[in-house]
Amino acid sequence: MTSTFGHASAVVISFLSLVTVACSLVSSSLSTGTTVTSSHWTYKLKSWRGPDGDTSLHSSSCWTERLKVRLTGYPRKHNEGRVELFYKGEWGTICDDDFSITNANVLCRQLGFVSATGWTHSAKYGKGQGKIWLDNVQCNGGEKSIEHCKSRGWGNSDCTHDEDAGVVCKDERIPGFLDSNVIDSQVDENKVEEVRLRPVVATTKKKVPTTEGVVEVKHKDGWAQICDLGWTIKNTRVVCGMLGFPHERKVNKNFYKLLKKQAAEKASRSKVNVSAGGRQTPTAKANPKSKQSSPGKRLYLERQKNHFHLHSVACTGTEVHLAACPLEFNKPNATAPCAGGMAAVVSCMPGPLFTQNRNLKKKLKLSSNVRLKGGARLGEGRVEVLKDSEWGSVCDDRWNLLSASVVCRELGFGSAKEALTGARMGQGQEYN
């Protein structure tokens, strides 16, 4: 969002069918320049001439497409999201310049909600694609549609999709609301909500987080693994950032492959015990959560579940959430999920917060030229940089999650969860 100078940046870490309207205008003798208003549109009649040469308006029908609106993006609930408009056969977004709660109220009512509770900027629900249809939108609050608000005009924008606007509507519908031009973009149930690491190799009892293990994603049915076919270090970087770690480490895949192979061979040999009398008795099933299970057996048993939610992940490494990466979900009826592969394993490098060496912690703190000030909790605050022995703030022009994540990782945290603007954490001294 474009802002005036003096607004400081801040970070928070936690990590259709075509519908037309027919205007039936019958036997009216209207002169050029007359305005005709229907329930949805206002038309300005110019030099219209009928087939017999006169300028009176004869029985006719004017067909025009109404504006379609939807909420989309991730992560979101059904009453929030990035605003997209369908205009001239193409979906596009709204820039956050001059956006306000008044604009959000108009949009939420247009979407069938009673009002708005907030609005978002800087592509909080992800960047859209295609056109940026509206910019510098300024509503007075009484409009029935966002198209009736003042703006720079359709397609006239100097923004990028880093500035896509979103709205948060009150979760209360207008009684009896029904509009086929409001496109219900259902929140995708086939999505990634949370990520965790399940350790395979036993860890120490110290109070440190799990930094290496099988990646598991939470979805509507619970937790499941990710197939490692095509897995890259860029995917690992995104996962580590989500979990609060600033850096990723390369995993010794040969070690895990060997564990899996050994466990599979052992399981194959001990499927049945043959007694002296020739009778076969099955062995007791091993518990993957048992402390007595070997790492290889735990990995093998996880693989035997055939519980893979994601078949392919293709991150670029800059995403702040795995859900922002191109994902290929495993088909429920797949006969051999992740054939030839195994559960993806990642290893993350903890930041100074988890460093046991006090001297190293102090050294890392002193060596940083970036700090957070004014935050109520650890990992949030106004961004300040040190130059020529003087601390100064950072202007929030084009400040977004990607920029905030660079700061977070530099400070030893993971990816940013929110990029705040408008001096929300107080005003600092501006560095020129």
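Cβ coordinates are placed from backbone N, Cα and C, and glycine is handled just like the others.
Just so you know, TrEMBL annotations never went through curation; they're auto-generated.
Copied over from TrEMBL, here are the features:
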- 270-295: compositional bias 'Polar residues' (COMPBIAS)
- CYS95-CYS159: disulfide bond (DISULFID)
- CYS108-CYS169: disulfide bond (DISULFID)
- CYS139-CYS149: disulfide bond (DISULFID)
- CYS315-CYS325: disulfide bond (DISULFID)
- 69-170: domain 'SRCR' (DOMAIN)
- 195-349: domain 'SRCR' (DOMAIN)
- 370-432: domain 'SRCR' (DOMAIN)
- 268-296: region 'Disordered' (REGION)
- 1-24: signal peptide (SIGNAL)
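The distance from the Cα of CYS95 (disulfide bond) to the Cα of CYS315 (disulfide bond) comes to 26 Å. Note: the Cα of CYS139 (disulfide bond) and the Cα of CYS108 (disulfide bond) are spaced 13 Å from each other. Residue counts for the domain 'SRCR' (370-432) under DSSP, helix first, then strand, then coil, are 10 helix, 23 strand, 30 coil.
CYS315 (disulfide bond) sits 25 Å from CYS159 (disulfide bond), taking the C-alpha atoms as the reference points.
Cβ neighbours of CYS149 (disulfide bond) (same chain, under 8 Å, six or more residues apart in sequence): ASN103, VAL106, VAL137, GLN138, CYS139, ASN140, GLU143. Distance noted between the C-alpha atoms of CYS325 (disulfide bond) and CYS159 (disulfide bond) is 23 Å. For CYS108 (disulfide bond) paired with CYS159 (disulfide bond), the C-alpha to C-alpha distance reads 23 Å.
A simple Cβ count within 10 Å picks out one of the disulfide-bonded residues CYS108, CYS159, CYS315 as the most packed, and that one is CYS108.
DSSP gives CYS108 (disulfide bond) a helix state.
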